[in-house]
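A quick write-up on the structure given underneath.
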Amino acid sequence: MSAALPNIIVVLIIVALGFGALLIFGSPLAWLPTVVANAWMVFNLAPVSAAGVELSFLPALPALVLATVVAVRVRAAVKHKVSVKDLAILLACVVGVPVVLTCIAWVMLWDAGKVYDVSPPNLAAALARVIVVHLCAMAAGMGTRLWRALAKRYGAPPLLVDATLIALRYLAYLAIAAAVVFVLVFIVNLSRQAEMIDEYPSISGLGISTLILLSVLYIPNAIVSTGAVLVGSEFTAGEAQVSLFSTHLVPLPPLPITGGIPASSPGWAVLLLGFAHIAATLALYKKRPSVQKVLAATVVTALIMFFACYLASGTLGYYGHTGPHLWTAAGLAALWIAVAGLAVAAAFAFANWRDARAAEAGTESAEAEGAEGDSDSAEDSAENTAAEGPGGVEQSDEDQSNTDEADADDADPPLGEEESDDDDAAAHPDNAAPPTMDNAGAPENDILDAEVVGDTYPEIFEGELVEDSNEQDTNAAEGDEAAQSDLADSTESGERD
């Protein structure tokens, strides 16, 4: 239930801020349900509609903060041991609670539409965005270890987790490059910010602060759109199109963040495609990916990029669809990681093949040298045999003398003399009887196995051996007493006789 706590806290914050805003501006409190319902939709990137104008190109920063808090709560819940049942309950809390709150907000907007100029959005579109946001938070909070355990439990290939990590690393590097490019372009076009402010006939300091705050809330949208442009896709806002190859602008909403969009694409802008290649290369740095892992990373990259662009785009009033092109952005982002990954995989495969060939050649050379050495040994042996002649191996003088001495020792003693035991023992030391020594005087290494076994105690199983041993001792003692009694009786009877 703790994973659903961030959503409840968000609702309470929205109620407090809405109530304070109504009091500050002197608006009727009857607007509070409508304000709370619309704010909840905005926090979850669900579309809103008012005065016949639909708005689904919403600032992604509030939703990103909410998803981060949910992911942290999920991480705290699964940090220790967790079962599949616990994960099912956690998933129901993470997704079910915001879905229920979204349905309640939709009913509140439907009811408010009878009185005010608001209308509920498409419920299916609203629920789809809410589910995607919270599923992403759930997946991020589970962590790599838990995903590996789930893959092992259900028999999924382990390379899916590694491929996902490669895809996330690649998209993270791409997002960093997109943020750097956007900041540089914004600084270059900083002079246009004053022109956009001048388009307002009269604006107070509070209005300027509101515009700046709104632009800050759209920064994640700008980073995702810039990343899509860096991989070769385009950003559209109605009839306006921005890409590295060409740019066509129309009057855009007067926000500071839109002032950073360049009016044209210079010829050298195509070189910015190198950032995508650099991001893919860094993602594969110090990795040895296989072809299967690269293909899996390509698919995962396409999916993540598609959903990121889906959440960062939408309908912007009369402009229509605004944001990066979904399909081209996902496809081109996947293409960059596929090209770089397959090149790296092919290079490592070639290196492994070359090392295998070298090892095989070394093994064959060693076997050939061994066979040549065996043939040389056989030739030397044949030459030695031929040199010895048909009589066999000739004995040396020393061997002959040793043989004579052995024959002399084995000869029978002279008549009348017997060979003593001492001489026999001296002549045959191996057959000499071992000295008789008690255990106390015997060396440690000369203890017999029987003595070691005799000193050991049998293993006791449930006291059976202990009981049997005591009974035997008792029986032996009784037998000794009976024998002594019989001996005493026989002695007395003898004395009487």
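Glycine is treated like the rest: Cβ placed from N, Cα and C.
Model, not experiment: these values are computed from the prediction.
Residues or ranges marked as transmembrane segment by TrEMBL: 7-31 (among others).
Listed by sequence, the residues of this chain that lie at least six past the ends of the transmembrane segment (51-75) yet keep a Cβ under 8 A from its Cβ atoms are 2-3, 5-7, 10, 42-45, 90, 94, 117-119, 121, 125, 133-134, 136-138, 140-143, 214, 216-221, 224, 311-318, 322-323. Here TrEMBL flags 51-75 (among others) as transmembrane segment.
If you look at the transmembrane segment (87-110), the same-chain residues 6 or more away from its ends with a CB under 8 A from one of its CBs are 1, 3-4, 7-8, 11, 33-34, 36-38, 40-41, 44, 46, 70, 74, 77-78, 118-121, 123, 126-127, 130-131, 133-135, 137-138. Per TrEMBL, the feature transmembrane segment maps to 87-110 (among others).
The transmembrane segment feature in TrEMBL is assigned to 122-147 (among others). With a cut-off of 8 Å between Cβ atoms, the residues of this chain six or more beyond the transmembrane segment (122-147) that come close are 3, 41, 44-47, 56, 63, 66-68, 70-75, 77-78, 82, 90-91, 94-95, 98-99, 102-103, 106, 161, 164-165, 307, 310-311.
Under the heading transmembrane segment, TrEMBL lists 168-188 (among others).
Under the heading transmembrane segment, TrEMBL lists 208-230 (among others). Same-chain residues lying 6 or more positions outside the transmembrane segment (208-230) and placing a CB less than 8 Å from one of its CB atoms are 57, 59-62, 64, 171, 174-175, 177-179, 181-182, 197, 242-244, 254-257, 260, 272-273, 275-276, 305, 308-309, 312-313, 323-325, 328-329, 333.
For 294-320 (among others), the entry in TrEMBL reads transmembrane segment. If you look at the transmembrane segment (294-320), the same-chain residues 6 or more away from its ends with a CB under 8 A from one of its CBs are 45, 47, 53-58, 60, 63, 129, 132-133, 136, 157, 159-160, 163-164, 166-168, 170-171, 220-221, 224-225, 228, 237-238, 253, 326-327, 329-331, 333-335, 337-338, 341-342, 344-345.
Residues or ranges marked as transmembrane segment by TrEMBL: 326-351 (among others).
The annotation region 'Disordered' is assigned in TrEMBL to 361-497.
The compositional bias 'Acidic residues' annotation in TrEMBL covers 366-382 (among others).
Among the features that TrEMBL reports, compositional bias 'Acidic residues' is placed at 395-424 (among others).
Under the heading compositional bias 'Acidic residues', TrEMBL lists 461-471 (among others).
Listed as Cβ neighbours of the transmembrane segment (168-188) (distance under 8 Å, sequence separation of 6 or more from its ends, same chain) are residues 222-224, 226-227, 229-231, 257, 259-262, 272, 275-276, 278-280, 282-283, 297, 301, 304-305, 308, 333, 336-337.
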